[in-house]
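Following: one structure in structure tokens, then a few remarks.
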Amino acid sequence: MNVMGFNTDRLAWTRNKLRGFYFAKLYYEAKEYDLAKKYVCTYLSVQERDPRAHRFLGLLYELEENTEKAVECYRRSLELNPPQKDLVLKIAELLCKNDVTDGRAKYWVERAAKLFPGSPAIYKLKEHLLDCEGEDGWNKLFDWIQSELYVRPDDVHMNIRLVELYRSNKRLKDAVARCHEAERNIALRSSLEWNSCVVQTLKEYLESLQCLESDKSDWRATNTDLLLAYANLMLLTLSTRDVQESRELLESFDSALQSAKSSLGGNDELSATFLEMKGHFYMHAGSLLLKMGQHGNNVQWQALSELAALCYVIAFQVPRPKIKLIKGEAGQNLLEMMACDRLSQSGHMLLNLSRGKQDFLKEVVETFANKSGQSVLYNALFSSQSSKDTSFLGSDDIGNIDVQEPELEDLARYDVGAIQAHNGSLQHLTWLGLQWNSLPALPGIRKWLKQLFHHLPQETSRLETNAPESICILDLEVFLLGVVYTSHLQLKEKCNSHHSSYQPLCLPLPVCKRLCTERQKSWWDAVCTLIHRKAVPGNSAELRLVVQHEINTLRAQEKHGLQPALLVHWAKCLQKMGRGLNSSYDQQEYIGRSVHYWKKVLPLLKIIKKNSIPEPIDPLFKHFHSVDIQASEIVEYEEDAHITFAILDAVHGNIEDAVTAFESIKSVVSYWNLALIFHRKAEDIENDAVFPEEQEECKNYLRKTRDYLIKIIDDSDSNLSVVKKLPVPLESVKEMLKSVMQELEDYSEGGPLYKNGSLRNADSEIKHSTPSPTKYSLSPSKSYKYSPKTPPRWAEDQNSLRKMICQEVKAITKLNSSKSASRHRWPTENYGPDSVPDGYQGSQTFHGAPLTVATTGPSVYYSQSPAYNSQYLLRPAANVTPTKGSSNTEFKSTKEGFSIAVSADGFKFGISEPGNQEKKSEKPLENDTGFQAQDISGQKNGRGVIFGQTSSTFTFADVAKSTSGEGFQFGKKDPNFKGFSGAGEKLFSSQCGKMANKANTSGDFEKDDDACKTEDSDDIHFEPVVQMPEKVELVTGEEGEKVLYSQGVKLFRFDAEISQWKERGLGNLKILKNEVNGKPRMLMRRDQVLKVCANHWITTTMNLKPLSGSDRAWMWLASDFSDGDAKLERLAAQFKTPELAEEFKQKFEECQRLLLDIPLQTPHKLVDTGRAAKLIQRAEEMKSGLKDFKTFLTNDQTKVTEEENKGSGTGAAGASDTTIKPNPENTGPTLEWDNYDLREDALDDNVSSSSVHDSPLASSPVRKNIFRFDESTTGFNFSFKSALSLSKSPAKLNQSGTSVGTDEESDVTQEEERDGQYFEPVVPLPDLVEVSSGEENEQVVFSHRAELYRYDKDVGQWKERGIGDIKILQNYDNKQVRIVMRRDQVLKLCANHRITPDMSLQNMKGTERVWVWTACDFADGERKVEHLAVRFKLQDVADSFKKIFDEAKTAQEKDSLITPHVSRSSTPRESPCGKIAVAVLEETTRERTDVIQGDDVADAASEVEVSSTSETTTKAVVSPPKFVFGSESVKRIFSSEKSNPFAFGNSSATGSLFGFSFNAPLKSNDSETSSVAQSGSESKVEPKKCELSKNSDIEQSSDSKVKNLSASFPMEESSINYTFKTPEKEPPLWHAEFTKEELVQKLSSTTKSADQLNGLLRETEATSAVLMEQIKLLKSEIRRLERNQEESAANVEHLKNVLLQFIFLKPGSERESLLPVINTMLQLSPEEKGKLAAVAQGLQETSIPKKK
């Protein structure tokens, strides 16, 4: 029993020990550390290998500060369980704390550093160890901090420690330099500790002796940095510290400003910075006052808010700094952003404090803007111990401030700049949104987001997805709207509970608490990080999940948990924002997103009728029950939703659907939209209304407009609450109604403007409009402008006032009448207009605004003929600015353009009748503009506007319509009247030479100088201070074209060599329509650089094909002129959305249909005499022998010229031939068929030698007509005479590649120099500067195109450095070798280093075409060790690079030159004929070049001496064949050569061996030896531009013939013959013996000669391809000639129909409507136009000659 009892007790004792660990934990929690240590030791006696117990025991020893035992316990626990990494750091900290110097601490710190790289704790431990080592440790610590900062530049603690290290060692200058360098870091600028360190360092530096010894500029620069640091520190202190600390810092800021104030002088950086910091000081003072009031009562709030308002007024009125005084772009940007931030915050706080308080700011300024108010402000901010007189605040002059309330437009502009200063902080954006939430205008969130996210699309087509890649600007805008909405509701709830009447709803930005939730902030930060690609490696997946989860909520997808009130708020805000946008695409996107949210709300509204919406637990946007939708509001919201649906239909152009939807809704909003739609329809019909049914339809639309406007007024009278729903003020509705009533009154039967079936001819006389054919803009501000029929009262008062001012000052005073005119404009808060193409006349912004006549569209002074609407494409008006009329004449500016209100009597040209006009002066004023409107107040019967009297009057060259009433009076009584003279010249001219006819786009009366003219002020002249240079008109080549389509795309080009698509550029792809010939073309320029990357005609044979794998891309084949010459390219355009791609396809096909309908605009006939067919026949013979074609090019040119001259003498037929002129610099033919031009001397039968190739504007000479009215024949006769002149135009084609009459397949290079004409340049070019590349004294040993890569250690990846020619160059003097590589086009260095003996090339794993090496590279100007890799396209090129590289190392050691290597696959250069031309004729050339035999080889060899060694050609012309396959006929061409030194296949050669004969040519006096006879770098032969790929057959054939040759061409002057003979079947006998070295050298030279021959063979292939391409172009020209004949016949048929219609119509308006068509097509002279106008009016009978 005793033994069993003992065993039982022992087991119990053991179990108690095992439980000791748990007892120890309990005692530890009870803070009984001794008992805990006792029990854990008891436990360890049983379980000694438990690492948890050892660790717990170490913790207990650590609490007792027994470091040694604690370290030992931790070490034992780590041995038992090694994964406990934190114990390593714990041991290191304990040993460093105990100042252990036996090396253990260093060991454990280094061990911990490996486990925790970059840990701040490790840094502190290392710093502690190095501090203990004295001066040596200081140096090590400095080096270590520098290396750590290179890896982690944003580490605040490490930056501060480095600056403190400098300061402790009295290296204050280095400390200041470090502070200045780190100021660019945004992370450091937002740290309070760092800014405190900077302020202390700069203050210490200014007070030190070092600063006193330095120059004055250094002191001023340091003071500038100190002020900037104070402003930043003050902002951070207000945000994070208490009031007392903020007051102390503000007082220190005050002292710094006072210190700098005494040193101000002149315009320098310190003065500009001081002025800006003064504004920040007062702004921060106002924020501090409001922060002090947070814990005060109502009385204290009143006093503090008034003082804060004073501070904000001063801060807002400090002007923006002159940033040009700041050195460096970074400093300028910083000061500019700080100024915008100050003005934004101060301006918003002024509006915030004065809201609801009338004259609040005025009372504040009157009360406190004096000495006593300054004392009150000083006492409120600073302590009473400081001296007021020595402070900046106490001594500043604040008595001259004004009461100036911020303008909303200015605030919106400042907000955009302030967003950059805060780096897109969500707190700042929310604060700005809250400020705008209480203002009548909408916040510019769209502009804010565009500023932050430049490349983000505005809307996505995939609203149903939640992928982070689909996020767009509208998603972020909706998010910000939601954050501002919920934050505003939260502030309102807080203010309702406890809020002082003087406390602003939203405190200043540094003072207010967080305005967004943590979830909202984390989502916003995640979005910004992903978009700007700043995610930490490994963290991107987590951020994507955060963004993806909330996108569902923002797009109201399933289970979104949004409050219906928030959805309604989003829908209304987006609709309102969309109405204010100008672009129709933007409108569609905004209103489309609004419709999306309305569709999500409507089902919820039905649920609300039954019960309430459940609230989620943790929503992204908090629900507020105060804005819950009530059942009584549901009907109103449903009505708003359907109105938005109808607006979207209207924006999309579905007008009928929109009208139907609006008519079903009985609301003032729908009435207003219906009135806008019908009024717009009436305007569109009114512009072209000719027939009575059209006029009746116009009246019906106006009646509907009137009825809807009356309904709005009636509803508003009965219920005033409906006025709030109107999108415009009620006054605008009444004004529009008044205008419509006036228009209806004008339509009344027998009215003064409705006679002879003419609809308001007085207005339409010089009024023209091109209505938008597809869409209606619903913006009354943009679409509906009107003018009262009589001048308003304010206009008369304004004129008298302006005259009085002009008499007093005797100078021209510019007056801005925009405010006066604002009540006659439609309000701007409505739908924005659709985007319209060029040429669609926009509205002017003021009555009587001078209007610029655009060259891209129909002039507003022409009335478009309704009978020839689709054909009216000829001759755009000259770029003329009309002169201005007197203010007595009433101008009307409407959507249609420019009109003049006249009386029923119409216009009267010439001298008016004496009895009807008061004689004001004997002659017009000298500076009077051409439009002279007389005062009609004293007239008995108003006769309208009087024209004439001087040459400065209107000359209506192309206007042929008559006015109503009396019609035209041609001024027969006036001998000075010249009728329609000067056709095609400027419509409005002025006698005053200095009177610049500038366009007044502002629509003001700024330039209406006539009312300000007095007799005393006529001779006033102001000399400009700085003479401006002559204005140079920018010519883009698109002047005579109309933009039919424009969209941003990414363009690609298919590279046939590598069979890949290559990106060509990003930009706007345009479809332009030529106003002269009606042909459309496609043009695209790259963004920013504006380089043309696509420029070609659109033809009926082009087909759009979808790119495989994408529904957003189209590809097509076209003859492109982007590089100046036609080149067959396969292009592809990628659009943002499939909808945009489909729209492009529709517009493209529409242009192709347009080509079928438009007749040729130049009515001449091209006749083919058969000479082109002869050329083609001769060219075809080249397939059987290129020698015939060669002979034709050289010997038959005389015949071609004779035939051409003979053909030109046959009249019109000869003049219309295609001319081929030989170029004296080019043996190939230059074909000229793209410069047909109609000349003034076109009646001459000879072909003119020069012509002006220009747009047919009014400035060009008057052209003779083809169909001519013979002056000697009475009646109406036709005589047909030649008027065609085909000539070479000396003017260059415009850069966009457009030329009138050029066929789309034309590919001919033209040279204007051969005409012998010289044109003085408009802008003289600077002197030619010789370009030095640094490679002048070096020979190119190796050169080939390659792709270079650089290894980036930070990311551990290879990064592409550039694509270009990599060269190995050797210096002639010191024999040093280096590698140089420049990028294509930009020519920037991407590799530049020496080849050293220790360098070695190694193959990259996985490929044999890539070489890797390490070098000290100088590409960026500084020495930098780089790991480089180069990749070649072909393996043999890579091998040759390695070979030359190794030879270079050997050559440097031996101090010898390297034998150059000529790349057989040189970098391809641009070809004038295009690479596609070679590919088209590949089969033909292959037949002639695959095998070389017999005499062909001999002829080929004879060309070697003639070949040029030039690597570049200066002329982009087609070279003749250098190497022709043939026999004896070719030898005659080169018969001038003295000898054939290298002949193949000549069996008759004396002493020949293998048929080879070698003769060294003598050196001539005037030329060098042949390139084959040269050595070194001079023996290179570069293939020409049209180069084919290598032909292995040729290489093998030629190499085999010269493989065993050991003879070369020596350089001696005497002729030495080396002959080798070999009997049949016997070995060769040598008649001359050579040493081994000579044989090796000569064999090498012979091999190089064979390589050169290979190059010539390839060049010959390319030349043959050029000739075949010319054949193709000749064929295309014949097709074009035939097509022109057909078009000319159709054009003549059309003209015949027009003339017959003219003859058989009755005299009057119907005949007159055909006058512009006949005038344009027949090119009538002024006299003929006058006769034709008389016939149209019935004043002269039409006589048709009878047939004999």
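Each Cβ is built from the backbone N, Cα and C atoms, and glycine gets one as well.
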When Swiss-Prot marks a stretch as region 'Disordered', which of 982-1017, 1198-1233 is it?
1198-1233
Can you break down the domain 'RanBD1 1' (1021-1157) into helix, strand and coil residue counts using DSSP?
20 helix, 61 strand, 56 coil
By DSSP assignment, list the helix, strand and coil residue numbers for the repeat 'TPR 2' (575-608), in that order.
30 helix, 0 strand, 4 coil
Tell me, roughly as an integer, the mean pLDDT over the repeat 'TPR 1' (51-84).
88
Residues in the repeat 'TPR 3' (639-672) grouped by DSSP into helix, strand and remaining coil:
27 helix, 0 strand, 7 coil
Looking only at the repeat 'TPR 1' (51-84), what are its DSSP counts of helix, strand and coil residues?
27 helix, 0 strand, 7 coil
